[in-house]
Amino acid sequence: MADQLTEDQISEFKEAFSLFDKDGDGCITTKELGTVMRSLGQNPTEAELQDMINEVDADGNGTIDFPEFLNLMARKMKDTDSEEELKEAFRVFDKDQNGFISAAELRHVMTNLGEKLTDEEVDEMIREADVDGDGQINYDEFVKVMMAK
């Protein structure tokens, strides 16, 4: 499954993996998974976190290593994001629920994920997605970017 990913996708997933793997030991624990999910406004129980880990923990050691993470991401990409998942993701970014993601909102979520971006990087991300040029990302623009991944 993971062998159908491009090099770009793999390096993107490596970056995502390192956001989760806070201590850099090459494994994602339930604690690390919980930290990231809470920073995104989710509130999973210990049992839910354990279930998520168990779902992809091929070797049964209780953590997710990078190959297991890649398999998870490849599977997730195959069941391309449902409308509901996209709406949920958009809501995470659209803090004031006004239907637009501003540069400030994008920076806020990325900072919560531990991703410190310069103003230029944030502006560049907005520009890439901002089809109508109004300086923010609406839902349709967000969907386009997510589907292009």
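Note that Cβ sites are derived from N, Cα and C of the backbone, with glycine treated the same way.
Note that the structure is predicted; figures quoted are calculated from it, not measured.
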D94, D96, N98 bind Ca(2+) 3 in Swiss-Prot, but which of E88, E105 does that record place at the same site?
E105
Shell list (Ca(2+) 2; ref centroid = CB of D57, D59, N61, T63, E68; cutoff 8 A):
C27, I53, V56, A58, G60, G62, I64, D65
What is the number of other Cβ atoms found within 10 Å of the Cβ of D21 (Ca(2+) 1 binding site)?
21
Taking the Cβ of each of the binding-site residues and counting other Cβ atoms inside 10 Å, which one has the highest number: D132, D134, E141?
E141
Provide the three-state DSSP residue tally for the domain 'EF-hand 3' (81-116): helix first, then strand, then coil.
21 helix, 2 strand, 13 coil
Across all protein chains in the structure, which of the binding-site residues D25, D59, D94, D96 has the highest Cβ count within 10 Å?
D94
